[in-house]
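Colleague: Okay, here's the structure, questions in a sec.
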Amino acid sequence: MQPADCPRGLLPRPCRVLVLLNPRGGKGKALKLFQSRVRPLLEEAEVSFKLMLTERQNHARELVCAEELGHWDALAVMSGDGLMHEVVNGLMERPDWESAIQKPLCSLPGGSGNALAASLNYYAGHEQVTNEDLLINCTLLLCCRQLSPMNLLSLHTASGRQLYSVLSLSWGFVADVDLESEKYRSLGEIRFTVGTFFRLASLRIYQGQLAYLPVGKAASKIPASSLAQKGPANTYLVPLEEPVPPHWTVVPEQDFVLVLVLLHTHLSTEMFAAPMGRCEAGVMHLFYIRAGVSRAMLVRLFLAMQKGKHMDLDCPYLVHVPVVAFRLEPRNQRGVFSVDGELMVCEAVQGQVHPNYLWMVSGSSDSPSGRDSQRRPPPEEPI
């Protein structure tokens with residue numbers, strides 16, 4: 001529990017951190033890197049820690065469900081984005097989820113997908129770096145102890161599943177690359193480059209209905225009771241079996257190359273997907289690419305994305321919209337969804353963003369600017 005005299009938006013000194021580390025993530029060097037790179041910096045900064053190694057998929061989820069969180073000032077996750085996904089969903093499954101999700105989180109890149117860490121590195125004002133340089137930068141952010149509130153995305157599927165995302169949901173090209181590049185995990189993040197070119201060689205079209213609630217029309221809210229669930233109220237969503245509300249935008253095209261919902265700036269350490277910058281409180285980026293785009297243009301887009309210049313190409317097939325909610329209904333079960341890099345069965349899904357819903361170690365204690373007073377304020381103190 002944070003001392004009463006600790007400034008708002010800061011971790012205390014000394015600080016106690018539970019580190020969850022996946023020793024098999026990425027190239028399998030996370031534990032060695034923690035001992036050689038991370039540990040000395042934490043000890044110098046008076047950050048005491050307990051290291052717990054995950055042994056299987058969803059182990060981190062089980063650990064945070066059962067952990068006595070009051071023993072720790074923060075939870076650090078050293079792996080890829082998938083382990084942070086497990087931790088956040090584990091916190092939201094606890095009986096005390098409302099207080100548990102306020103426990104500050106820290107992303108230490110140690111997997112093959114480190115987009116969240118890359119985004120936090122960008123928010124701190126650092127240049128785009130990868131591998132050990134990114135790990136050191138993120139460790140130093142933890143040593144500096146500054147916190148920022150971040151958005152959370154809640155998702156609801158046709159089969160009744162409810163889950164949460166801290167980074168992204170993708171369907172089509174990006175999700176397929178996530179799935180098909182698993183066999184190249186030992187290559188680290190370069191697996192995504194390899195997977196991208198394999199998928200370009202056999203480009204697929206995905207059919208479905210996409211609808212969204214743009215930021216400018218978000219004033220009209222649905223009664224919270226219309227979508228009953230545990231967790232934060234979904235004030236913009238109606239049940240999936242009902243049509244979307246009339247003030248939503250329904251995309252007329254139904255053939256896509258990809259659909260991407262992104263809460264942060266980076267899709268990987270070298271994919272600066274949202275150069276328009278950090279989302280405001282209660283806003284997320286929706287990107288989609290319509291069918292008809294050439295392979296040559298896709299190559300240009302992905303190469304330009306490394307520097308955040310893809311929007312400068314003015315590709316007529318690429319659309320970006322700031323949104324607060326969305327619904328995606330695939331016409332068939334072809335393909336998969338990827339949520340924070342974790343695979344999810346292909347079925348109708350909808351979601352909405354919850355502003356300033358969790359604390360993360362970042363380079364600034366400033367919160368994203370808000371659009372209106374409807375957003376949830378960050379907690380008075382992280383716990």
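Using N, Cα and C of the backbone, Cβ positions are placed for all residues, glycine too.
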Colleague: Among 147-155, 336-344, 345-353, 354-362, find the range that Swiss-Prot records as motif 'Nuclear export signal 1'.
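Modeller: The listed stretch tagged motif 'Nuclear export signal 1' in Swiss-Prot is 147-155.
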Colleague: Which of these, ASP176, ASP178, ASP255, does Swiss-Prot list as part of the substrate site with SER79, GLY80, ASP81, GLY82?
Modeller: ASP178
Colleague: Any idea which of 26-34, 44-52, 98-106, 161-169 is down as motif 'Nuclear export signal 2' in Swiss-Prot?
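Modeller: Feature motif 'Nuclear export signal 2' in Swiss-Prot: residues 161-169.
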Colleague: Select one residue from GLY80, GLY82, GLY111, GLY341: among these binding-site residues, choose the one with the most other Cβ atoms within 10 Å of its Cβ.
Modeller: GLY80
Colleague: What's the CA-CA gap between ASN22 (ATP binding site) and SER79 (substrate binding site) in angstrom, rounded?
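Modeller: Each residue's Cα considered, ASN22 (ATP binding site) and SER79 (substrate binding site) end up 6 Å apart.
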Colleague: May I ask which of the recorded positions THR54, GLN57, ASP81, GLY111, GLY341 is closest to ASP178 (substrate binding site) if we compare their C-alpha atoms?
Modeller: GLY341
Colleague: Sorted by position, what residues of the same chain at least six away from ARG185 (ATP binding site) have a C-beta under 8 A from it?
Modeller: GLY26, SER112, ARG191
Colleague: For the recorded substrate site, whose residues are SER79, GLY80, ASP81, GLY82, ASP178, find every other residue on that chain with a C-beta no more than 8 angstroms from the centre of their C-beta atoms, and list them by sequence position.
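Modeller: For the substrate site, the extra neighbours are GLY25, LEU83, MET84, HIS85, GLY111, SER112, GLY113, ASN114, ASP340, GLY341, GLU342.
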Colleague: What does DSSP give as the helix, strand and coil breakdown of the motif 'Nuclear export signal 1' (147-155)?
Modeller: 0 helix, 9 strand, 0 coil
